[in-house]
Amino acid sequence: RARRAGPPDGGWGWMIVAGCFLVTICTRAVTRCISIFFVEFQAYFGQDYARTAWIHSIVDCATMLCAPLGSLISNHVSCQVGIMLGGLLASTGLILSSFATSLEHLYLSLGVLTGLGFALCYSPAIAMVGKYFNKRKALAYGIAMSGSGIGTFILAPVVQLLIEQFSWRGALLILGGFVLNLCVCGALMRPISLKEDCKTAPELLDQNYVPETEKQDLKRMSICSPLIKLWPHERLCYCSWKEYDFLLMPGFMVLAVSILFMAYGCSPLFVYLVPYALSVGVSHHQAAFLMSILGVIDIIGNVTFGWLTDRRCLKKHRYFCYLFAVGMDGLSCLFLPVLQSFPLLVPFSFTFGYFDGAYVTLIPVVTADVVGTPLLSSALGVVYFLHAIPYLVSPPVAGWLVDTTGSYTASFLLCGFSMIFSSALLSFARLAKKIKRTHLPSLTGNTALKQHIWTNGAIAYSVTAELDQRDVEFLAVDTNSFSKR
């Protein structure tokens, strides 16, 4: 039975964190390790790098494009069923890929099928962490999402060893078995019903059911709430908005646009850092070491920045901590073209890797602050969906700029300015909202807006309206009489 309480901030919540940690290993880390197969695929199928590179692009894009589908299944069936189904699909895709006879076969099995399976697992698992934690939410997300960096650090040499021992077909077959652990992760996702998901009638009268950052906007919109079911023990379970009505929230619209620019700026760095290092005279071993540094520091950024932003002095400012981390990554990209030796590129890997892990940890936290915890699963599905197009488009655009200009400068500058614009856009939006709020007259006394609720059989409806004392008394009597029937 689902628990009706506040976030426990511990207990079984740490098992949810462990499950999400394993999900990020089996999804994001395995996706990164697919690049290790590139040379094997090129040699076996006799294709160029461009055609072979589409495998990684398709699986990454499919994972993000289908993220809303994962949220939909999680919301309407259960998180456990969604993750288990995703694990089966991803494992099937990897196993079928071990029998591939062409790149087109790999596009469908390794790209589409495995990417779809990862999509059904990724956003629902991350959303579950947000439901179990409040006070230590950023730290919990930091630990859970560090699985991507830790998994890459461990799996990369293991996958290379498997290829040497069993060929690429055997390695894919073993990875298919490993990814089945997603089913175990799904079984850990025990459902929880929070207090904001289930309220008594008097509590409903005193709540606005929207995130704190959106209350003023929604009070002026006078939009009807959807159906509210009446449960036993005088408990009214409600869904204050339709599942995807948060898309019309001004705060989420701004966040969505900023996510597009942020995703465009961060993606090419992981593709072109090594080629750029080689072009300025860094050895192959040192260039690979730069990526290792970036991956390890990414893990440190996940955990430490999550812990820091959970401290009392920074907890109220996590939104601006996210903006700072994105802006610092953009600033690092602007300086990259003048860093033309290994000793200078090492600090870049440290800086970019740390703040990359920092803002990735805070994406779910910032999203929850904008839309609220009940809508977090659906909102994360949309947020990760928005990553898909930049992930697919930005590496080819950066490559085209390199081919056109003959250097990496334009590509890195575009990445840097894109991330800085993402940070600046959210900053200006928050500043404009604060200025607007200070100029609005406060709603007090008889002008205060409250929820007016009436019942019709087993269904209760809610609309924003003024509520006097007689309405409150009538509602209490009507609810009591209905519960006794």
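A Cβ is built for glycine as well, from the same backbone N, Cα and C atoms used for every other residue.
Positions annotated as domain 'Major facilitator superfamily (MFS) profile' by TrEMBL: 12-434.
Residues or ranges marked as transmembrane segment by TrEMBL: 12-38 (among others).
Positions annotated as transmembrane segment by TrEMBL: 53-74 (among others).
The transmembrane segment annotation in TrEMBL covers 81-100 (among others).
Residues annotated as transmembrane segment in TrEMBL: 106-127 (among others).
According to TrEMBL, the feature transmembrane segment maps to 139-163 (among others).
A Cβ distance under 8 Å defines the sequence-distant neighbours of the transmembrane segment (169-189), meaning residues of its chain 6+ beyond its ends; these are 15-16, 18-20, 22-23, 26-27, 30, 33, 37, 79-84, 86-88, 90-95, 97-99, 110, 117, 121, 124-125, 128, 159, 162-163. Annotation source TrEMBL lists transmembrane segment at 169-189 (among others).
Summarising the annotation, TrEMBL assigns transmembrane segment to 252-275 (among others).
Under 8 Å from some Cβ of the transmembrane segment (287-308) lie the Cβ atoms of residues 138-143, 145-146, 148-150, 152-153, 270, 273-274, 277-278, 314, 321, 325, 342, 345-346, 349-350, 352-358, 360-362, all in the same chain and six or more residues away from its ends. Taken from TrEMBL, the feature transmembrane segment applies to 287-308 (among others).
The transmembrane segment annotation in TrEMBL covers 320-339 (among others).
Residues or ranges marked as transmembrane segment in TrEMBL: 345-368 (among others).
Distant neighbours of the transmembrane segment (375-393): 57, 60-61, 63-72, 74-75, 79, 122-124, 126-127, 130-131, 241, 243-244, 246-247, 252, 255-256, 259-261, 263-264, 267, 363-364, 367-368; these residues of the same chain sit at least 6 beyond its ends, with a Cβ under 8 Å from one of its Cβ atoms. What TrEMBL lists as transmembrane segment is 375-393 (among others).
Feature annotation from TrEMBL assigns transmembrane segment to 405-429 (among others).
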Same-chain residue ranges lying at least 6 outside the transmembrane segment (252-275) that approach it to Cβ under 8 Å: 246, 287-288, 290-291, 294, 326, 329-330, 333, 349, 352, 356, 359, 366-367, 370-371, 379, 382-383, 386-387, 389-391, 393-395, 397-399, 402, 408, 411-412, 414-419, 421-423, 425-426, 429
Selected stretch (most C-beta pairs under 8 A with the transmembrane segment (12-38)) from 53-74, 81-100, 139-163, 320-339, 345-368: 139-163
